[in-house]
């Protein structure tokens, strides 16, 4: 009886709609009108016909880049900050709240604020660079294809650091004191201690955060959409798989809706995210059992 | 069996939840009219993507309601970028508003072809609207599915005061345009307020500049018959000219959006601004005292043309429960009375012929759109394909401004996209 | 572990520098909302010269903000309540009973973590229409509840597993039923984890703009983010008004967070990763 309410609501409003949407991928669609059953044709088109395949791999590469940068920057910094707080720092209560603050804002707010900060002509960042004599570094961050994606990802890191920091802090605090004490008596210090002792013992937290980051990176949509539109502008340089899906499933008003291909992409996306995260969860479980 | 049970349990849980939390069953749907007794009041819902027009529509609807006391219209605007998502989702589920704003040409006609729209051929007054205007809402079956609202035109706006101060006049040829821009730049004024961050503004600007190279409609006739293509010298030149204007754009123009461009022009930091008739109101709101004028595009054979197309139309949902009333509103939209209300309320060119406004600039646009119009090619003829040829041009132009593509590659991509669907090219 | 003085100084500089980066845009938002439009353009970075709430008054008159606020509170509050109760019940079951199917059931819930629910928007729309929930706040509550269940079950199951089983046994000897054990004994013990679940889901429901966009058309039923989107369209050049809107839309969330932050931090650090 206990799991029933959760099960019913979840099945009805998450699982059922998603799987019906998956069925759409097996039909031919003329705009938003369903045509005949075509089997796997939409999947074949998605991977073999230009420009669909080019767009897929372009967006896929961006998702991978998203993941890599978030792992290094967001999770790297978050771990560093968690470590500082773990080592007792004055004002840690305030710091934890401050780091988490960005997470409270809606994407609409975040998009608007950062667009303003990064504005090429009167944004705070370029103004600041000008004041410290680095004018030549100033650029139209969101209009330049070389920096736009990175800028978006870094904003996402800014958004996510607080949460990641708390997860890592939880990992650090769950390490038994006596283990560390014992290692110290053995003469382990500084980096060696961090590398050989602390990191391995934090593996559960790190694995969880890696999975979260992976899911987030491969479903990246809202920030790109709010700041660069459904075309992943400029020049498709910020396109991601989810934005590409949105474009095909809903279009921006230009009449390029193709729901069959959009649904096929959704299925592919689900399998990418599902298989990778299921595999890492499984590996984590297995390792835990061995411990 | 199992499925049935699941549904049964689900509905039980839902019912329980609602009882517990004191929610009245049946939701809050407000189905008015129909069989209601008494005053037979009918409320029609009307959706649009023009959030900025809300106040104006209220005035127009009031005029309609005064003549039709039984009908109330509930106008709901949505943000343009989300409008299609909302509309398509609703139409696919056989619901949606009674009256809806329809995108012009191919994107809107798709909805008619999917069977979501009511044909409007029998609406009185619709025949007074010219055929080429109705074309924006005419399906492949020859039926009309929308009452066009207004004509849009795109042009170079310019600041009269800045031009006079520097001894300049509206250019009469491409070379004069470049010379004008050069003079302004030497004086330290941004010649053209322009930004490349939003793709749709790129195809819009191309729509203004390109007809200079087409020399009117000769090239277009050949193009639409498939006797020429988008890699022709004319089209290539139009893209090269987009590139030739780069020195006269503001600093960091690749990062600027419409808001920035409008502000630069309205605050008199820039002398020219390529945009549509629909921007007139926005510019004036920002700076009511701006000495504003516009010039049509001078062509290479010494004429002047104004790029025009039909903006959205209004259509009736085929699944509407109040079709008769909705059609009444369509009838109203085709009258001169509506045309005048609309034109004065929004300072736009009405689709109903012979309507004039109290704004001289709008009247000048309306006049030119009768005498020397040229179509906005990408919207009128090339808004199909996945992605559309129009989007392909926008993206490729963005690439050009970012130094990733040269004009020859731009036209190559555009032609490649059109070749996938444009019937004359498929022969 | 001892740090050198230099090392300590560097850690403090880094830790507070990142706090500054995290807070700067929020401070910018609030300070800009107190400025006039001219001030924002002329000196975007400085603090406001005079303190004035005029913009807020204007905002209050321009949009039915009180309606938006109530809708957001109702939707977020109700969803969070349902999520918390239902997920706690499911998590209790998953962590305390081991039938053949509990492993599978757990996995079934976890799959939800990997599904972007936007993919199913069209079938979802049909479903809501058939249930008569179009233009009703209940459509949003059901969606947020459903999509919040996976992560909540995940967190709470993890937490329940850390609780010693002896407590329940003692209670059961005293004659408590399963439900009483759950309600009286266990729920109070998992308060920190509940705080985590509440905050995470509250943030999600409060800030979402996609579903209200699709399901809510009535002006007076809109939630804050969608109401703000309309504001952006209508007043796109009135920056101080927009900033005031942004501030007002974020403020309730910030207040709730500050109130629950201690429990929340404790919950995350005590149970989430076990």
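Any Cβ shown, glycine's included, is placed from N, Cα and C.
Automated prediction, rather than curation, is the source of TrEMBL annotations.
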C:39-60, C:105-126 - the range that TrEMBL marks as transmembrane segment:
C:105-126
The annotated transmembrane segment range in TrEMBL, which must be one of C:181-203, C:204-226:
C:181-203
Residues from the same chain, set at least six apart from the ends of the transmembrane segment (C:239-260), whose C-beta lies under 8 A from its own:
26, 29-30, 32-33, 35-37, 39-41, 55-56, 58-59, 62-63, 65, 69, 72-73, 195, 198-199, 202-203, 206-207, 224-225, 228, 231-232
When you scan the chain for residues with a C-beta under 8 Å from the transmembrane segment (C:138-160), skipping those not six or more beyond its ends, what do you find?
75-76, 78-80, 82-84, 86-88, 90-92, 94-96, 106, 109-113, 117, 124, 128, 131, 186, 190, 192-194, 196-197, 200-201, 204-205, 208, 211-212, 215-216, 223, 267, 270-274
